[in-house]
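Listed features, source TrEMBL:
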type	residues	note
ZN_FING	A:57-72	zinc finger
DOMAIN	A:80-174	domain 'Toprim'
There are 2 protein chains.
Amino acid sequence: MRLARPLETLIDELVKLPTIGPKTAQRLALYILKLPEEEAKQLANAIIEARETVHPCPECGYLTDRSICLICTDNTRDESTICVAEETSDIIAIEKTGFRGKYFVLNKSFHLMDDNKLEEIKVAPLKKFLSNGKVKEVVLALNPDINGDILSRYIASLASDYGVVVTRLAHGLPVGGDIEFADELTLRRAMEGRKQF
Amino acid sequence: MRLARPLETLIDELVKLPTIGPKTAQRLALYILKLPEEEAKQLANAIIEARETVHPCPECGYLTDRSICLICTDNTRDESTICVAEETSDIIAIEKTGFRGKYFVLNKSFHLMDDNKLEEIKVAPLKKFLSNGKVKEVVLALNPDINGDILSRYIASLASDYGVVVTRLAHGLPVGGDIEFADELTLRRAMEGRKQF
């Protein structure tokens, strides 16, 4: 099928995005062609502006368009508790729990970071955080996989050097989840972590 | 939750697109922030270029970036059979059945077209098609809904003025289904089994 070349190019670009398959890319591209020109430009400009201006906060790694992020400069937050997470999307989810401490985001897959240089790049700002004398607890909120376990152990050993208590999010049954359908490891963790009723 | 403003703007723009909910928009936006700057620009430019250069062909309505589209200028195609469809996405699907006639696309929802002026705008090029003396059959490939039925009747009466045979795709399309999403075989059967309207 011969599509107009700029239409094909747009579909090719859209299909590179996560969760967007060829059918959805085609649908989105045809939709974009029908947008008023102003709205198509707004979308394109939003992409460019976000990409150019948003970067990890140099102190905590949370994505921001300022020199220091909104969370770091928020004096109403509890500086004694630092939640360490892998991605800004994790912070967005954790924030909804009402957590009012501060954060440290590893931005593992952020383009500025090279996975092989994880320690070199992120240890410096994390050490700065831990050494400021205000942090009393580090809450590890890393994904429960091998990678998350390795990172957790590494950060825990770092924190213990500074005499900081290290906790991590409880593993167990998801609320509303059926015991019958829980995977074995989750159920084992739930059993190990059982609490007095 | 306080997100960086350009990130919020990008999420707001993405969520306007069809099939993109708030969660997907957030995921796409965070992905775009991690793209190399060059790739983010390619995506933005593809949007602008497609929107600026792609338009309905003045002869048949198929989306093109040329003055006359690739299908209209293809001399190997059968000029005696014209398939009338609502959208370019329908043509993309029909083309996969091996249909080798020409097309007329109504572009019902295209931004250049005003639904209330459907007749005024589209009758002229359709009449030009029908009056060229080459067209022997009009295949109606409009969605099997009330709107499609009304359009079919209207085009059939127009075609009969020119002594052109009118057929339509066989029923065989699932009721309530969109042509765009029909599987290739179903659509091929519908094309083969087209009946006089």
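Yeah, the Cβs are placed from backbone N, Cα and C, and that goes for glycine too.
Along the zinc finger (A:57-72), the predicted structure has mean pLDDT 91. Across the domain 'Toprim' (A:80-174), the DSSP tally of helix, strand and coil residues reads 40 helix, 20 strand, 35 coil.
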